[in-house]
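In TrEMBL this protein carries:
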BINDING   12-17, 59-62, 97-106, D132  FMN binding site
BINDING   R350, R382, A383, F384, S385, G416, L417, C418, S419  FAD binding site
BINDING   T460, S515, R516, K521, V522, Y523, V524, Q525  NADP(+) binding site
DOMAIN    6-150  domain 'Flavodoxin-like'
DOMAIN    206-447  domain 'FAD-binding FR-type'
REGION    187-206  region 'Disordered'
Amino acid sequence: MPSPRLLVLFGSQTGTAEDVAERLGREARRRRVDCRVQALDSYPVVNLINEPLVIFVCATTGQGDPPDNMKSFWRFLFRKSLPSTSLCQVDFAVVGLGDSSYAKFNFVAKKLHRRLLQLGGAALLPVCLGDDQHELGPDGAIDPWLHSLWEKVLGLYPVPPDLGVIPPGVPLPSKFTLRFLQEAPGPCPPEPHAAQADPPSPPSEQRPFLARMVTNQRVTGPSHFQDVRLIEFDTADSGISFVAGDVVLIQPENTARHVQLFCQVLGLDPDQHFTLQPREPNVACPERLPQPCSVRHLVSQHLDIARVPRRSFFELLACLSPDALEREKLLEFSSAAGQEALHEYCHRPRRTTLEVLCDFPHTAAAIPPDYLLDLIPPIRPRAFSIASSLLAHPARLQVLVAVVQYRTRLQEPRRGLCSSWLASLDPGQGPVRVPLWVRPGGLSFPQVPDTPVIMVGPGTGVAPFRAAVQERVAQGQTGNLLFFGCRWRDQDFYWEAEWKELEKRGCLTLVTAFSREQERKVYVQHRLREQGPLVWELLDRQGACFYLAG
């Protein structure tokens, strides 16, 4: 019987598809199947022809678009030059994650499944269509599909009789071992020959640029319900370049208070240092974690203790729990039958990982440090539309950030990790550096001179259009029509003076909608209808491009 070997590849935008892929990896290891789990764009796609068994897990984003971490794979796979027998040695299955309230529900998974068949692959099962609208969420489709999948896989690769399946209540070996150091390490010596190194590549997720925060200004009125910030960074000597429509990704941190509480609940010394070692050769250590690393650095900058935990978190936590009562509840939350209870306890009130650990103190205190990276995923970067142009603000990058804060039935308000962290930083009190990098966005503005643009940007959705207007004005393009909407003229009218100055110069036509300034609410769609003849003239006669963000 051939040695079982499974490859799980995922394309994930928010982490859900990655979580499903990791679940597949765990279930494979319980069945003694050698399994690798990778993001699609980190896998050398030319090697796919040599893989006997591949499971693809992919989300659909935007208007039927693939996630960012599978776009290179997507372009390669749809090359017309690929032979129709390219994948004739490959057995595959596809799991899709989507939302049936959207027209292009699971478009990426369906299209991927068809393309793999066109290239000669053999489908083990029909494509699985996970749906956020299902009463159990995506698991409503994934759970029964996985049952069928393992029947197929174990038909190809039976579990060796001398080993057997690892029971669900037994924890799998951790991916990493943490070896604590007796003493804190000294400062690292500078690398030799650093001056002769090649010019650095543009900043990326693996090597972000530590940008100096120049200003952090609240731009909504003091009595306005929403705290919105205009934040400017200095990008001189960074290698960062961008155009209107591009996006900046910012890597946030957990608050010092939450880091301290986490260490207290788990019985960890935040100042203790450790080295990290993978248990298996095909597992790499996280690139952004220094070696050696302090517990404080790991918790503050890597572990996402502020996220709402997924089902897999409770599954592993139950395996690690020494307390019978806590373990019983954790097992309920990790079961298919307990998903409604989990939704009420965790997802509806947006309870965080840290808060869950505080609710299960005996379990939290017993978590082996080796399992921290299995239990808690890394903090994901947050994307913001760039709100400035290099043509108007050289070596500067500006973002418009709405600070996320809302209440649920929990006593403490829910706060957005990145927006709250950014709002707390004060460059007036000393140097502030923020890790960031830039990637192309979903908006591209016309390259043909004199092409008019119609932009609809309510609220903070106006941010990319400010970059576009600045860029186009600097290039001498005056056909700029902007519809902007907010609540109050004197509370959240972003860049009012700037827009009016551009209007005076004949560079911009601005149409505003202030929804709360009259008895009947007025929104940008009402202004669009009122300006219908002008909009149609621009679209039909002048070939204008139309953009909407918000």
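Note that Cβ sites are derived from N, Cα and C of the backbone, with glycine treated the same way.
Because TrEMBL annotations are produced automatically, they should be read as predictions rather than curated entries.
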Open item on the list: Quick check for the class: what is the C-alpha distance, in angstrom and rounded, between S385 (FAD binding site) and Y102 (FMN binding site)?
Closed with: 23
Open item on the list: If I take the alpha carbons of V522 (NADP(+) binding site) and L417 (FAD binding site), what is the distance between them in whole Å?
Closed with: 32
Open item on the list: Radius 10 Å, atoms counted are CB only; among the binding-site residues A59, A383, L417, V522, V524, which position scores highest?
Closed with: A59
Open item on the list: Rounded to a whole angstrom, what is the C-alpha distance between G62 (FMN binding site) and Q525 (NADP(+) binding site)?
Closed with: 21
TODO: Just name the winner among T460, S515 (the binding-site residues) by count of other CB atoms within 10 A of its CB.
DONE: T460
Open item on the list: With helix taken as DSSP H, G or I, strand as E or B and everything else coil, how many residues of the domain 'Flavodoxin-like' (6-150) land in each class?
Closed with: 58 helix, 35 strand, 52 coil
- [ ] Give the distance between the Cα atoms of A383 (FAD binding site) and D99 (FMN binding site), rounded to the nearest whole Å.
- [x] 21
Task: Pairwise Cα distance maximum in Å, FAD-binding residues per record: R350, R382, A383, F384, S385, G416, L417, C418, S419 - done: 25
